[in-house]
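The transmembrane segment annotation in TrEMBL covers 66-89, 101-124, 130-149, 170-189, 201-223, 259-282, 302-324, 336-360, 366-392.
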Amino acid sequence: MAGDDAEEQAPLHDGTQLLGAPAIRCSARLRQPALMAGSLGSHLVWSVQNGHAALFLQRLGLSKSLTALVLMVAPFSGLVVQPLIGLLSDRCMSAWGRRRPYLFVGGLGCIASLTCMAVSSAMVGEKGALLTRLLGILSIIGVDISLNMMAAAHRALAADILPADEQDSVNAWGTRLGGLGSVLGYVLGRLDLHTALHGDQLGVLAIAAGIGVVVTHAPLLLVRESRLVHRSSMSPTLFGVMRSLLDTLHELPKSITDLFAIQFFAWLAWFPVLFYSAAWVADMYRAGSTDNDAAARAGSQAMLAFACSSLITSVVLPPLLHWLRTVRKTARPTLAQAWMAGHVIFGVTLLFGTCPVHAARSVGGATALLGVLGISWALTNWAPFGLLGMLLHTEHTRGNSIALDGRDAQGDTLRGHVGAVFGLHNWSVVVPQLVVSLVSSAGARLDITNEFLRCHLYS
């Protein structure tokens, strides 16, 4: 907890000036888990919504096409909200700091949305169906926007507070706590809470997730951020915001844009795996049974295996890599090398495992395959954010050393745009999801058209 709260830092290249040294008011051993505890609550909410949103909307009486339209809000909100909040938080002059105001506003929005979800779920089948549907749809949209708001501020906060040599380990904590939240969400979803607590199943889950958000984000009260006392000018219009984001993107060093490119192509493959795996397993189960409920449970069980594998990897792998570096007395294996190994595991598993499992209609094989993919998923949730945090600090240090000679201040500029950079990183995750969704929709329409032609032209 170095530094004095009244210490004024030197102005950055773009005129931005911060006051005070960042700190976490707890023991050194606890500061990383305290900083990232909110990941548990956020992933708990995400797993509850991801596992129940489609069925909830159908219970409200929405058609499949309208349900799909509402669910498309999630990637679109990530495309807009995270870069916007990242940019606005970079420029926030609140006495609470730059990131925490958005974290707490996002948390309040998430709790309010979860409450609306619980109320509308309990009201299904009662009078006022239109109001119930509207409340339910708004709750889904509200949760998506709130989670993206918190995610944008949370990642930037970790990069602000901790130095480069702790970005690896703090993001490992974020991954393992997020994995724990996902597992808790899946486990709670499989319990019969309706009978045990005499309440609506989704309503109980939503209230539990809301409590989780409050409890896990409470440690952020221990954080002391640097306060922004002077900022560069920016047009307060939509055009001005977009121009500022594009200027930041243009100024990024090649190391960061390369990371964005890797994420883009990786997520072209990850999105269909995450979105369709449960349905894939359920379809294989239906090949030997007509029990739809049992098929749905088989799909959920496979995703639970995926989440558990990811959690175990996130707990075991970071200390294992640290131990290997200590034994070898070198920096290898690096986090980038571990990430590359995760991509290799992912690619080999999909290429050589999917077809045999599908041909055999093996539910157990599919569950095992998803368990292996969970290893890669842990690295996907850990490595890019750890590397990006380290690169931002590295480029800042490099930029400062060059700026002393008056030749370049790129790294210094990045320090004032950490939130915007993390928001731009989210573009490399969300845009592939939209691309895959559009391709899938086009493919589905083509199948329908071909089937129509076969039925009417060749009958």
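In case you wondered, yes, glycine gets a Cβ from its N, Cα and C as well.
As the structure is a computational prediction, the values presented were derived from the model and not from experiment.
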Winner by Cβ pairs under 8 Å against the transmembrane segment (366-392), considering only 66-89, 130-149, 201-223, 302-324, 336-360: 302-324
Assess whether the transmembrane segment (130-149) lies in contact with the transmembrane segment (66-89), where contact requires at least three Cβ pairs under 8 Å among residues 6 or more apart in sequence. yes
Sequence-distant contacts of the transmembrane segment (66-89), meaning Cβ under 8 Å and at least 6 residues beyond its ends, amount to 53-54, 57-58, 98-99, 101-102, 106, 137, 140-141, 144-145, 148-149, 151-153, 156, 241, 244-245, 248, 417-424, 426-427, 429-431, 433-434, 437
Do the transmembrane segment (336-360) and the transmembrane segment (259-282) share at least 3 Cβ pairs closer than 8 Å, excluding pairs fewer than 6 residues apart in sequence? yes
Give the one range among 101-124, 170-189, 259-282, 302-324 whose Cβ atoms make the most pairs under 8 Å with those of the transmembrane segment (201-223). 101-124
Beyond the flanks of the transmembrane segment (170-189) by 6 or more, those residues with Cβ under 8 Å of it: 32-33, 35-37, 39-48, 50-52, 154-155, 158, 162, 205, 208-209, 212, 216, 300, 303-304, 307-308, 310-311, 314-315, 317-318, 378, 381-382, 385-386, 389
